[in-house]
């Protein structure tokens, strides 16, 4: 497919608007799943750790499956994937309203909705990058706030819908709202030349066609020869009986020679096709070997290795508050009359503020983005340690705002990755880091829930979460202090990446 030069405007701003609303509609409920988490605890009576798997899967499965999502968008385009994913998200939410047990929710809400969100995220980022070049950072920043605004609004919306229509009615209505993703996806017009010629078949596609054409040709030749031979022989036999046997023998010899030539040609074609398949498999194997070699080179970079540990530990410890903060308030016996705003809504709006402010700070030349990122990790760990001491709505609201603001460090994470491995390795490195981020998202809430099931209080759980985040921050700081410049210079000398998947456009 041939694409025009990014216009940096025009229809691209429509793409930004629809991508913003797409992330708003698809991520609103999964990020505000803490409101539903309380209802599922009461409805199914399962442990907190087992119930927390629903929300953690919905938020982590999209990151875990990011390479698959990228392949789908690359193969089918952003618009078809967005429309199909809209059906997935809406269908998963509506199916969840009929869930008879928690295991059904693992599939309907955790996997179906989570995978749909991952596909939509990749589609929106990919189509936005196609339309913007010089203003790409601004465009990506605007659409990324859609998920944070969705968290802010959906937390209050789902709470109100539960009071009016119950849990099942809430999920049905939220699922119906998600159908608006179909309208947004239909506006994601691909940026391609209108008069672009159809793509030619690759060598891989041509080989089977040649074989089948040859096979049909061979069959047709034999049939035509047999028909002509029969008619010719019948006519000769009527006119001249003595010559009939000679003509028949002669034609049979001609036919046998033709069959031998056709069979030899067929064997040559099979040999050529076999050799081509062997060469193709060898080439693919070399690409896979190159990919793994480059992966090992990345992990030789001390800062990258520490960054991979830090993002894993940060998501294990830093993600649970957005899911469990409402239950923390209920466990602290805080009256609902004291609630001025859902704690999850505070996290959502402050995440938006954090993304914008931290992103602006990262653009200043005098700011080292790695140290800025390490600072957010250390402050997050301290805030998590303070949660067990919060016994009022005001203190929990303040801690929720601080944690939400610090979670906005996602906006500077691509900057940190680029400075660590170099722009040539960004796609490869970012895909690896996002996989481990998804793993942390999936494991964090269940671990905290299991701690509560064992101890019947959240104090130990959040001490563990704070320790994980602080450990990741200190490891990254220690790796950066002595060899930050050396690692940066070393990464710039690495050969360009020859195997990369497009999901790294998420950066």
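Just so you know, glycine gets a Cβ as well, placed from its N, Cα and C.
Residues or ranges marked as domain 'Major facilitator superfamily (MFS) profile' by TrEMBL: 15-484.
Look at TrEMBL and you will find 12-40 (among others) tagged as transmembrane segment. Below 8 angstroms of C-beta separation, residues 6, 46, 51-52, 54-55, 58-59, 82, 85-86, 89, 93, 102, 105, 109, 113-114, 116-117, 120-121, 123-125, 127-128, 131-132, 139, 142-147, 149-151, 153-155, 157-159, 162, 167, 170-171, 174, 177-178, 180-181, 184-185, 187-189, 322-327, 330, 342, 344-345, 348 of the same chain, each at least six residues beyond the ends of the transmembrane segment (12-40), sit close to that stretch.
The transmembrane segment annotation in TrEMBL covers 52-73 (among others).
TrEMBL lists 80-98 (among others) with the feature transmembrane segment. If one looks beyond the transmembrane segment (80-98) by at least 6 residues along the same chain, the residues whose Cβ comes under 8 Å of a Cβ in the stretch are 22, 25-26, 29, 72-73, 104-105, 108-109, 112-113, 115-117, 119-120, 122-124, 167-172, 174-176, 178-179, 181-182, 184-186, 188.
Taken from TrEMBL, the feature transmembrane segment applies to 104-125 (among others). Residues of the same chain lying 6 or more positions beyond the ends of the transmembrane segment (104-125) and with a Cβ under 8 Å from any Cβ of it are 19, 22-23, 26-27, 29-30, 33, 40, 53-63, 65-66, 69-70, 72-73, 78-79, 81-82, 84-86, 88-89, 91-93, 95-96, 140, 143, 181, 185, 188, 503, 505-506.
The annotation transmembrane segment is assigned in TrEMBL to 137-156 (among others). Within its own chain, the transmembrane segment (137-156) is flanked in space by residues 12, 16, 19-29, 31-32, 34-35, 124-125, 128-129, 131, 174, 322, 341-342, 344-345, 347-349, 351-352, 355-356, 359, 408, 410-411, which lie at least six positions past its ends and keep a Cβ under 8 Å from the stretch.
The feature transmembrane segment is assigned by TrEMBL to 162-183 (among others).
Sequence annotations record features per position, and here TrEMBL assigns transmembrane segment to 303-319 (among others). Beyond its flanks by at least six residues, the transmembrane segment (303-319) meets 56, 59, 370, 377, 380-381, 384, 403, 406-407, 413, 416-417, 420-421, 429, 432-433, 436-441, 443-445, 447, 464-469, 471-473, 475-476, 478-480, 483-484, 487 of its own chain at Cβ-Cβ distances under 8 Å.
Within its own chain, the transmembrane segment (339-358) is flanked in space by residues 31-32, 34-35, 141, 144-145, 148-153, 155-156, 159, 321-322, 325-326, 329, 372, 376, 393, 396-397, 400-412, which lie at least six positions past its ends and keep a Cβ under 8 Å from the stretch. Among the features that TrEMBL reports, transmembrane segment is placed at 339-358 (among others).
What TrEMBL records for 370-390 (among others) is transmembrane segment.
Annotation comment: TrEMBL describes 396-417 (among others) as transmembrane segment.
Note on the transmembrane segment (429-452): residues 47-53, 55-57, 59-67, 70, 295, 298, 304, 307-308, 311-320, 323-324, 413-414, 417, 420-421, 458, 460-462, 464-465, 500-501, 503-504, 506-507 of its chain, located 6 or more positions outside it, place their CB under 8 angstroms from a CB of the stretch. The transmembrane segment feature in TrEMBL is assigned to 429-452 (among others).
Marked as transmembrane segment by TrEMBL: 464-484 (among others).
When Cβ-Cβ distances under 8 Å to the transmembrane segment (396-417) are tallied for each of 52-73, 162-183, 370-390, the top count falls to 370-390.
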